[in-house]
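Copied from Swiss-Prot, the annotated features are:
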- 1-22: signal peptide (SIGNAL)
- 23-220: domain 'GH16' (DOMAIN)
- GLU106: active site, nucleophile (ACT_SITE)
- ASP108: site 'Important for catalytic activity' (SITE)
- GLU110, GLN123, THR124, ASN125, ASP133, ARG134, GLU135, ASP199, TRP200, GLY204, ARG279: xyloglucan binding site (BINDING)
- GLU110: active site, proton donor (ACT_SITE)
- ASN114: N-linked glycosylation site (CARBOHYD)
- CYS228-CYS237: disulfide bond (DISULFID)
- CYS274-CYS287: disulfide bond (DISULFID)
Amino acid sequence: MKATAGALLAVVAAVLLRGVAAAPRKPVDVPFDKNYVPTWAQDHIHYVNGGREVQLSLDKTTGTGFQTRGSYLFGHFSMHIKLVGGDSAGTVTAFYLSSQNSEHDEIDFEFLGNRTGQPYILQTNVFSGGKGDREQRIYLWFDPTKDYHSYSVLWNLYMIAFFVDDTPIRVFKNSKDLGVRYPFDQPMKLYSSLWNADDWATRGGREKTDWSKAPFVASYRGFHVDGCEASAEAKFCATQGARWWDQPEFQDLDAAQYRRLAWVRKEHTIYNYCTDHDRYAAMAPECKRDRDV
C-alpha cells in the first residue's frame, strides 16, 4: 500500500512539474545611471531623488530620450513609468529594445496619448529581421497617469512575453519552424523616449498636440536590466542555457497567466494584426501559436 501511494505521488509530482511555469523574477530597482545614459536633449531630462527617478519633458522645440549603456541578447527588462497626464493627445511615450542595423530586431511598448478623459492606448510590436507590422493595441484597465506601473519584457529563445505589472498582455512565440524569423542573434539596447507624433498617434493623426498644455512630462524609475550583455557584433550569449530565463519554467506561460492573457484579449484588446483580414489576405504564420486568435 505504501509503495502504491508513493508511486502515485511521484506520478502527480511529475505531471505538476511538466505544467509548471513561473513569473519573471522580481526586478531590482537601481539608479538611472547604473544602466542608462541620455541620448538627446539632455536639458529636457530632470533627475529626482539622486537619479532614482527621471522625468522626460516634451515641448514644442523637442522631446528627449535615453538608452542603455550596453547591448543584450535575452533577459528580463522592466521599467516603472507614470505617463503624461491630462491632455496628452499627439504624444508618444516609448520603452523598447532595438538592434542597430537595417534588418533590425525590435520589441516595442508605445503609449499613445489621449484627449483628457479618454483611455490610454498601449501598442506593442515585434520586429524580426527588419519586418514589423505586428501591432497589437489594448486599453489599459487603470489610469497610468496617476501612479507608477511596471512594464516589462521577458525575452528568451522560446518566447517574448510582454507584462503590465504582473499581467501578461502578449506572447510572441519562436516560430522558426514555421519560417518566421525570431530575434535571437542581434544584441539590442533598451531605449525610452517622449516625442511628438501627432501625425499618427491619436485617432490616426486627427487629434493634434495642444502645445498650450506643454511641457508634457513622463516619469520613470526602477531601471531594471537583467540580461546577457554582448557586443553589437555578437551572435550568441556566452552563458546561453545557464541563465534563469532559459530554464523550463520560463519557456511558456502557466495556466493562470494564460487566463489573465485571455482576459486582456477579451476585455481590453482593440486591435490585433492576427485578426485584421482587411489589411492581410492571409494570417501571419506565427499567429497559429496565438491561443486567442
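Yeah, the Cβs are placed from backbone N, Cα and C, and that goes for glycine too.
Distribution of Swiss-Prot features across the structure.
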residue : record                      : DSSP (3 states)
GLU106  : active site, nucleophile    : strand
ASN114  : N-linked glycosylation site : coil
TRP200  : xyloglucan binding site     : coil
CYS228  : disulfide bond              : strand
CYS237  : disulfide bond              : coil
CYS274  : disulfide bond              : helix
ARG279  : xyloglucan binding site     : coil
CYS287  : disulfide bond              : helix
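When the recorded positions GLU106, ASP108, THR124, TRP200, CYS228, CYS237 are screened for a Cα within 10 A of the Cα of CYS274 (disulfide bond), none qualifies.
ASN114 (N-linked glycosylation site) and CYS287 (disulfide bond) have their C-alpha atoms 29 Å apart, to the nearest angstrom. In the predicted model, the domain 'GH16' (23-220) shows an average pLDDT of 96.
Secondary structure at GLU135 (xyloglucan binding site), taken from DSSP and collapsed to helix, strand or coil, is coil. Candidate recorded positions: GLU106, ASP108, CYS237, CYS287. Nearest to ARG279 (xyloglucan binding site) by Cα distance: CYS287.
Within 10 Å (C-alpha to C-alpha) of THR124 (xyloglucan binding site) lies none of the disulfide-bonded residues CYS228, CYS237, CYS287. Comparing local CB density within 10 A for the recorded positions ASN114, THR124, the maximum falls on ASN114. When the Cα atoms are compared, ASP133 (xyloglucan binding site) and GLU106 (active site, nucleophile) turn out to be 11 Å apart. For the recorded positions listed here (GLU106, ASP108, GLU110, ASP133, GLU135), the lowest count of other CB atoms within 10 A around the CB belongs to ASP133. The two recorded residues, GLU110 (xyloglucan binding site) and CYS237 (disulfide bond), have Cα atoms 27 Å apart.
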